[in-house]
Amino acid sequence: MSQTRGRYDFCIGLVLAMSSSIFIGGSFILKKKGLLRLARKGSMRAGQGGHAYLKEWLWWAGLLSMGAGEVANFAAYAFAPATLVTPLGALSVLVSAILSSFFLNEKLNLHGKIGCLLSILGSTVMVIHAPQEEEVETLNEMSHKLGDPGFVVFATLVVIVSLILIFVVGPRHGQTNILVYITICSVIGALSVSCVKGLGIAIKELFAGKPVLQHPLSWSLLVSLIVCVSTQINYLNRALDIFNTSIVTPIYYVIFTTSVLTCSAILFKEWQHMAADDIIGTFSGFLTIIVGIFLLHAFKDVNFTLANLPLSLRKDDRAANGTLLSTYDCFNNDEESSTCVGEIQSPESLSARRNGSLSAF
């Protein structure tokens, strides 16, 4: 009976996590559309500290979509361990990337498509080898876990790093470095997931008729969750306003997943009872996700598709064989003229260009 119940809870958590990713992936697009409309109207942008987006209905639609996703995510954490729910957030990367190519005209090249696929495959591997967290069924047990010295040190470091990024690094480098605002959202997100797990336990006890509202931990978790989520929304809006959506989403996923997995391992001692193959599988899946994110981020400006793949292969073959195109071939082929102009330049002209001379032109 317990195995059947556990399988039933697993399926519910899986469906809720997948639906959460769809809602959250769509919310990025709606929010970005709202922020772009405000920019065209000349309103102060969120990246500059403005809050005009509060008057934009598209932004509110994105917020409601993200709220629905977070509610589904909240429920998923109540039915399944965090190490199952969190990796499935990679689906939001795929949803956001596909929708941004349709509605935001953000091109998704071949590298980006492969990166999205690798992110999904890596998440699947992580789910298969996910560690099983310790069972925590009451608020008293959760209170004992939160008072563990390891978690106290982790939470203190997260707060200190977040404050440094918000008040020191953010004003200087937040407009130019994509990692600043995303790191703030991600590391605080680890604490918000812990609050969600605790509140999920509190809700279960409430339905069981226990005096949960009289327990001080319930209110502490609620206040902490409100503060964490408000901070995440603020700095995620700034990152979306400044940088490309298809880049913000996957980087946020990688750092957020790393933070949550680290927090869960410290809080629930998940890794102590894992087999060696599960440990290797978990790390392999996460490294696969990182490779996928790298492909999506590093080559975002490269115009490379399956259509021009044969042309690239022909160029590589000619370079490998050491053959040079004639001047007639260069100017007779419009697609390769720019490459050929670079190839027929003399060493003297290249040397002059390196030395800053204009005579070579």
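Heads up, the Cβ atoms here are built off N, Cα and C, so glycines get one too.
Automatic, uncurated: that is what TrEMBL annotation is.
Not measured: the values here are computed from a predicted model.
Listed in TrEMBL for this protein:
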type	residues	note
TRANSMEM	12-30	transmembrane segment
TRANSMEM	57-79	transmembrane segment
TRANSMEM	85-104	transmembrane segment
TRANSMEM	111-130	transmembrane segment
TRANSMEM	150-171	transmembrane segment
TRANSMEM	178-203	transmembrane segment
TRANSMEM	215-235	transmembrane segment
TRANSMEM	247-267	transmembrane segment
TRANSMEM	279-299	transmembrane segment
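Taking pairs at least six residues apart, the transmembrane segment (12-30) and the transmembrane segment (279-299) share fewer than three Cβ pairs below 8 Å and do not count as touching. Between the transmembrane segment (150-171) and the transmembrane segment (178-203) there are 3 or more Cβ pairs closer than 8 Å, counting only residues 6 or more apart in sequence, so the two stretches are in contact. Counted as Cβ pairs under 8 Å, contacts with the transmembrane segment (57-79) are highest for 178-203 among 111-130, 178-203, 215-235, 247-267, 279-299. With a cut-off of 8 Å between Cβ atoms, the residues of this chain six or more beyond the transmembrane segment (178-203) that come close are 73-75, 77-78, 82, 86, 136-139, 142, 146, 155, 158, 161-162, 165-166, 169-170, 212, 215, 217-218, 221-222, 224-225, 228-229, 231-232, 235-236, 238-239, 242-243, 247-248, 251-252, 255-256, 258-260, 262-264, 267. Using a cut-off of 8 Å between Cβ atoms, the transmembrane segment (85-104) and the transmembrane segment (279-299) share at least three residue pairs, counting only pairs 6 or more apart in sequence. Each of 111-130, 215-235, 279-299 was scored by its Cβ pairs under 8 Å to the transmembrane segment (247-267), and the highest score goes to 279-299.
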